[in-house]
Amino acid sequence: MLSAHYAVVFLISLRLCLLGCNGDKIRPFLTYYETVSYNRDQLFKDHQRSKRATNQVQSTVQIEIFGYNRNFELMLRRDRSVFTDDFKVMSDDTSIPIDISFVYSGILKDEGESFCHGSVIDGYFHGSIQTRNGTFYIEYEKHDNGTVESYIYHEKDIDYSLMKDVKSFELSLKKYEFLERMKWNSKEESVTRTKRSVDMSRTTCLMQLKADYLFFKRFRNLQEAISQIAGYMRSVNAIYDQVNFNGIKHINFKVKVLNIIQEKQPDNAMNSAYIGPEKLLMLHSSYNYNNVCLSYLLTNRDYNGVLGVAWTGKEGNNGGICSMFSKLKDAPGTEGSLNTGIVTIQKYGQYLPPRLIHITLAHEIGHSLGSPVR
């Protein structure tokens, strides 16, 4: 827990512009938000000081944000807890050195039970603030004309109705029915295979994530993409930390490998933007992921409301978490992995707010853990 007393604190004052906006065509999933402005140059300098700091006190960054008639004073420290110690970023089968000191977490100075998480990149902050009155989100958007707009909104200002349309549910159900028909042929193998045992003391699930070119293009650079993924994983962990799986508690997920495709690959079967979700999952599943518990593909494709699909967890090697590379039932001689899933970050052509992406990823991971499609 962060202490409220620090010898050295870098203070970045962010002051809210007196402008509140109702939902618009630019952000159709938000019913209301407020814009913020701050000294980007100062934030950039203080982040650089934090990177060079030799102890935790000196590495602390304090950010003051005023919005929704409240002053939020964030007390943050660098945080790489959603990544393994040997975390690596791969691109074109090559390991890329990457500094992830831009990821932070902490608390509000006047609310000890709060939790804050976010990133500082090029002097811009984005992240979330969990308070006793709900969660607030701070984002920024870079426009094509070179301007940048920062804004804050509350979780209640997200339009969740767009996530509940009947068409999306019916499409999702059809995708899962298709995937069930394509299951690995484990009927004969189940006679000799023993049930996977559960070690109650091991609650960390290692993941390999792949971000395709369309995902990378949305965020434009490695730091932006990684910061988004760090936010996804932090939120997923917050959800699963409260879940009790038949006595197994405090389940959490860490990223061991992140494979980012930074350029179009014409020879790659996944290159086309018009691949359906079930086909994309099949292509992602054609690789061997025996070295991790789960592997998910992140993309930015419009699937007419479908936000994700995953193989449902079953006993043995029949799908979901920790399933091993196996033979495909309806394709003799072909092998693939069932510990996989995919998530897209847009719906009906619009980029989703992070909270909706967090919910989608947590939902699909639930299927990987064995939760049935309802």
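Glycine residues also receive a Cβ, built from the backbone N, Cα and C atoms like all the rest.
Database features, via TrEMBL:
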type     : residues : note
ACT_SITE : Glu364   : active site
DOMAIN   : 202-374  : domain 'Peptidase M12B'
SIGNAL   : 1-23     : signal peptide
Limited to the domain 'Peptidase M12B' (202-374), I'd like the whole-number average of pLDDT. 89
Around the Cβ of Glu364 (active site), the count of other Cβ atoms that are within 10 Å: 22
